[in-house]
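According to TrEMBL, the protein carries these features:
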TRANSMEM  7-25  transmembrane segment
TRANSMEM  57-76  transmembrane segment
TRANSMEM  81-97  transmembrane segment
TRANSMEM  103-120  transmembrane segment
TRANSMEM  141-161  transmembrane segment
TRANSMEM  196-215  transmembrane segment
TRANSMEM  256-278  transmembrane segment
TRANSMEM  284-309  transmembrane segment
TRANSMEM  321-340  transmembrane segment
TRANSMEM  360-384  transmembrane segment
TRANSMEM  396-412  transmembrane segment
TRANSMEM  418-439  transmembrane segment
């Protein structure tokens, strides 16, 4: 196996590891608030009605705090070990829905937030130790596109389990000692459906943990940053992280990082909840599954396109990709604004939309655009962090996303739709202009480094003669 084949193998295995452990997380995000609402309506004493939003806020709060320490953990560990620990934390979360309890729910949410930070830190650490400067864009896109099959896999799981539970097979219900009830106002989840869904999410997370354990550990030659070259101590890396937060480049990239967090929060959780809370959709029981499938398909298609075009168009993974992502945000926010009731993200509602109702076709179109846009925005974030701050890559990855998501989840129960659908397009335009400035300077820096390396090689050759 040559070096390029090893790089591809590592990117593919990392992608499959992400695929399996993220299937549960992304699918849970689509339905979490609706599931919690359904549990609360049957047994109010078990959990509060908005624990879905609040739990996700806890996830991102701990994610934000863990981001400060995650690069320090990576400094005394390896990307592979960091990824395995994160997979254990991801698996702990769905287990709690087999015996829903507020204390365990919030505890496992905190663990999941820490696992989230460790995963992204380990993921980028693993990619930079198994990629060169020429292959980083391609490898990031390849790994990301495989990982994003998680939403497609999750959609099939949700659709299959919804069909099974809606038929209410008496024997299975008796064996699980659960009850089922029809969907009435908006989308409701039966006890049977909830148990089956979260059993499936737990099992598939365990599979992801096994794949991450089997990944090669050896770095490739001339990699961007080898895991065997760490010099920092835990405290040293922590100090570097804190100084990175106020670095001028990081400040200029803040709108992009906020866009990453707010965008994924909105399309992954807030909008699916709004669809479930809309009374008109009460009979569209596969709506979330269709939307999840389309979003995953969009992520995969765009990831493959970025990987393919990055080999043929220089720096395609930067300005062109960012432009596509910003345009997608503008389009899907417009469609959601016209088709979704203003207060649907906050509470079950019979309110009419501005122009047209949700349908399977509309969910397919919006999901596809969301997936394409999210893949673009996350790809450029990963690439610019790897290239713009060569001395602080782990620290740049660690501080680039969580605060905006945390704040938004805490405010979701009181935030009307138009705040998202107007605010996100404005933010995407600002982020794009600032990103272009950083990308231009990064490309100039890369050219100077290339010219310096070429000149050094020529001098060495002349001296040898």
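Cβ coordinates come from backbone N, Cα and C, glycine included.
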Discussion item. Could you check whether the transmembrane segment (284-309) and the transmembrane segment (7-25) come into contact, where contact means at least 3 Cβ pairs under 8 Å with the two residues of each pair 6 or more apart in sequence?
Written reply: no
Worksheet item: Looking at 103-120, 196-215, 360-384, which one has the highest count of Cβ pairs under 8 angstroms to the transmembrane segment (256-278)?
Response: 360-384
Item to complete: For the transmembrane segment (360-384), find every same-chain residue at least 6 residues outside the stretch whose CB is under 8 Å from a CB in it, and list them.
Response: 124, 127, 136-137, 140-141, 144-145, 148, 151, 253, 256-257, 259-260, 263-264, 267, 271, 275, 284, 286-287, 290-303, 306, 317-318, 321-322, 324-329, 331-332, 335-336, 339, 397, 400-401, 435, 438-439, 442
Worksheet item: With pairs closer than 6 in sequence left out, are the transmembrane segment (321-340) and the transmembrane segment (196-215) joined by 3 or more CB pairs under 8 Å?
Response: no
